[in-house]
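The following features are taken from Swiss-Prot:
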type	residues	note
ACT_SITE	His182	active site, tele-UMP-histidine intermediate
BINDING	Cys54, Cys57, His124, His180	Zn(2+) binding site
BINDING	Ala63, Asn79, Asp80, Asn169, Gln184, Lys329, Phe330, Leu331, Val332, Phe334, Glu335	UDP-alpha-D-glucose binding site
BINDING	Glu198, His297, His314, His316	Fe cation binding site
MOD_RES	Ser27	phosphoserine
Amino acid sequence: MTAEEFDFSSHSHRRYNPLTDSWILVSPHRAKRPWLGQQEAAYKPTAPLYDPKCYLCPGNKRATGNLNPRYESTYIFPNDYAAVRLDQPILPQNDSNEDNLKNRLLKVQSVRGNCFVICFSPNHNLTIPQMKQSDLVHIVNSWQALTDDLSREARENHKPFKYVQIFENKGTAMGCSNLHPHGQAWCLESIPSEVSQELKSFDKYKREHNTDLFADYVKLESREKSRVVVENESFIVVVPYWAIWPFETLVISKKKLASISQFNQMVKEDLASILKQLTIKYDNLFETSFPYSMGIHQAPLNATGDELSNSWFHMHFYPPLLRSATVRKFLVGFELLGEPQRDLTSEQAAEKLRNLDGQIHYLQRL
């Protein structure tokens, strides 16, 4: 087969992810195969405005006995079942007299920190695409305020906070244990592996090309258009060239902003707007409450000069659904043992999302 005959939309190929320094196998011809495997339960929008049994609804008692205030906007509280804690002893360093083989292979670090729950709305049955944009601005404001507060706690009170990972798991398909719209923030004294790898990649790219990786990538995607889903003055949303999940997207700041702490009011409103449009498109794709895991990647708290210089605010959305509201992608077999693989090309996925309404939610048309 000659190069002229190769078709990216039909033939297998590998794509490089410069953020993680890894490759993904793309097999577009597999999208036509029949599916007889597991199917997720289709989402039925039957949740009430208020659930007296919900641990996150205003005025309700949580499992620990703590009482929620009757909050009317976003509400943040320390996670009752935090993955990391402040009140634990520091692990001593390995004894240098121990077996060298053990020291080389069995490495361990103590990790302290704090975790928070971020209730997006007092309404039990509202997800991000169904909220008013003004409510989404409140969410963005809460992300910024939490980032600033944790940075100040580390700086002034010497709390062991180095990085805050803000994220949301939406839907039971993503392991969400409570359907009340909420996200989380885990603040650790170390930089998580995914973020650390990105920072290394950003640093390497800048040293080799004397510019920022995302500056070049935003320029490239704006020029090619084929992977762009939606954009506004401050942000561009793309299905990345190297996407693993079928309808994975990147929300990237068009200008270099290292952290949400640097956002002015206009940028915060633009982020709220782009998130609403993107998530409406997601829900409209299969006319379901589209599950995903999403999160912010930004500069570490009280970043060093190099960390600040290398960081560029962006958000990852990882939705599992593949071809319908009930058929999801699984990372198994070759993808666990070899490398990730996808069927639908990034360009095909972006076209589907781009052509969907990003203003009117499908439930408004019922």
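Every residue gets a Cβ built from N, Cα and C, even glycine.
Keep in mind that what you see is a predicted model, and the values were worked out from it rather than measured.
The structure, with features from Swiss-Prot marked on it.
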residue: Cys57; record: Zn(2+) binding site; CB count, 10 Å: 21
residue: Ala63; record: UDP-alpha-D-glucose binding site; CB count, 10 Å: 8
residue: His124; record: Zn(2+) binding site; CB count, 10 Å: 21
residue: His180; record: Zn(2+) binding site; CB count, 10 Å: 23
residue: His182; record: active site, tele-UMP-histidine intermediate; CB count, 10 Å: 19
residue: Gln184; record: UDP-alpha-D-glucose binding site; CB count, 10 Å: 17
residue: His297; record: Fe cation binding site; CB count, 10 Å: 20
residue: His316; record: Fe cation binding site; CB count, 10 Å: 20
residue: Phe330; record: UDP-alpha-D-glucose binding site; CB count, 10 Å: 11
residue: Glu335; record: UDP-alpha-D-glucose binding site; CB count, 10 Å: 16
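Secondary structure at His316 (Fe cation binding site), taken from DSSP and collapsed to helix, strand or coil, is strand.
Around the Cβ of Ser27 (phosphoserine), the number of neighbouring Cβ atoms within 10 Å comes to 15. Of the recorded residues, Glu335 (UDP-alpha-D-glucose binding site) and His124 (Zn(2+) binding site) place their C-alpha atoms 36 Å from one another. Taking Ser27, Cys54, His297 as the recorded positions under consideration, the smallest Cα distance to Val332 (UDP-alpha-D-glucose binding site) is found for Ser27. Here the candidates are the recorded positions Ser27, Glu198, His297, His314, His316, and by Cα distance the one nearest His180 (Zn(2+) binding site) turns out to be His316. In this structure, Glu335 (UDP-alpha-D-glucose binding site) is part of a helix by DSSP. Under a cutoff of 8 A between CB atoms, and with a sequence separation of 6+ in the same chain, the neighbours of Cys54 (Zn(2+) binding site) are Asn60, His124, Asn178, His180. Glu198 (Fe cation binding site) falls within a helix when secondary structure is assigned with DSSP.
Taking Cβ-Cβ distances under 8 Å and a sequence separation of 6 or more, the neighbours of His314 (Fe cation binding site) in its chain are Phe214, Leu250, Val251, Ile252, Ser253, Ile296, His297, Gln298.
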